[in-house]
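Okay, structure first, notes after.
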Amino acid sequence: MTASAPITQDVLTLPRKEPEGGKINLVGLTRDRMRAVLIENGTPEKQAKMRVGQIWQWIYQWGVRDFAEMTNLAKAYRAQLEETFEIRIPEVVSKQVSTDGTRKYLVRINGGHEVEVVYIPEDDRGTLCISSQVGCTLTCSFCHTGTQKLVRNLTPAEIIGQVMMARDDLEEWPTPGAPKDETRLLSNIVLMGMGEPLYNFDNVRDAMKIAMDPEGISLSRRRITLSTSGVVPEIARTAEEIGCLLAISFHATTNEVRDVLVPINRRWNIDELLQALADYPKVSNSERITFEYVMLDGVNDSDEDAHRLLDHIKRHNIPAKINLIPFNEWPGAPYKRSSNNRIRAFANIIYQAGYASPIRKTRGDDIMAACGQLKSATERARKSRKQIEAEAGVNNS
């Protein structure tokens, strides 16, 4: 790795060590892993697959956290489960509600770390923006989250637990046996919170497979969007192993500018990224790629930039939508938002070329919940590497 290259996800990714003698958390386990731990702890092997199906529905379809409420299981078996297992999700530390209805949650995970989660209600959908890491390695210069150093990856339980936490707050778990209601307050997930999802690929994949499981939360893969800054080797895996919609934090049309705005571009440049994006819809059956483009005054918002962006997309034959994002300023930000007239002119060039170019409506900026503004309280009390290693049970002496 060269000195100028962004650090990768393995710098502070440490093995997690559960406290000895503690209960096993069933949240975040794959079906196969849940079956294995049930067998290891006394469930007859012939019954294990059926038990997984029953417990899975109670946890992910009905939102039940107490084994005693799982009434299609024998009382003795429920007691056995209670002795060994738990159903634990991240703890809500605080909740802020914007004047536009946006909700920002600060949630605490293992080790006392905190991440932020945002729920955005709209007329036709409700979108939950979730985090995949504590902090971030990418140091994108326009992003507040990028000023917080990476602490660690989130586990599958901590990722899917954000979805479960939001459903708790929205009181959206259905009653067992009640008629199915297709109207959802939480209908979409976007992996656009803290962290780079593709630097935590395996855990993100496992969590999203739980979200998509038809016997649980049951979200269509068309209602899940993963946003990446351009971890090129993992884009193909995302198409094959998750198959969700893909958004790319593009933000610049030349390598010179993107190297500054999105430093991962020094590792995989624009041409390498565009080739990976061109292949994605063929594998995932996605209709199009979303290009996210933050509008920065005098930096990337010229007519020439708009035409270059179109040239990139057309040259690689990428089915695309371009989301233009007015820059959400934060204390100490080195950039200013492009004027409304400049944003509209840029959008019109894209639109006249035949591409959708919606201008994202800023949501939750009064509570620092808007795009690029997330930064948890963990930054104010960030722990040293030795403290993190000690929590993880790693001894490097």
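Glycine is no exception: its Cβ is also placed from the backbone N, Cα and C atoms.
Straight from Swiss-Prot, the features:
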type     : residues                                 : note
ACT_SITE : E116                                     : active site, proton acceptor
DOMAIN   : 122-366                                  : domain 'Radical SAM core'
DISULFID : C129-C371                                : disulfide bond
BINDING  : G195, E196, S227, S249, F250, H251, N328 : S-adenosyl-L-methionine binding site
ACT_SITE : C371                                     : active site, S-methylcysteine intermediate
Show me the subset of C129, E196, S249, H251 whose Cα is within 10 Å of E116 (active site, proton acceptor); these are the recorded positions I mean. C129
What does DSSP assign H251 (S-adenosyl-L-methionine binding site), in three states? coil
Ordered by sequence, the long-range same-chain Cβ contacts of S227 (S-adenosyl-L-methionine binding site) under 8 Å (at least 6 apart) are V190, L191, M192, P197, L246, A247, I248, S249, E292
What is the interatomic distance between the Cα atoms of H251 (S-adenosyl-L-methionine binding site) and C129 (disulfide bond), given in whole Å? 20
Rounded distance in angstrom between the Cα atoms of G195 (S-adenosyl-L-methionine binding site) and C129 (disulfide bond): 12
Could you state, as a whole number of Å, the largest distance between Cα atoms of any two of G195, E196, S227, S249, F250, H251, N328, the listed S-adenosyl-L-methionine binders? 19
Taking the Cβ of E196 (S-adenosyl-L-methionine binding site) as the centre, count every other Cβ atom within 10 Å, in any protein chain shown. 30
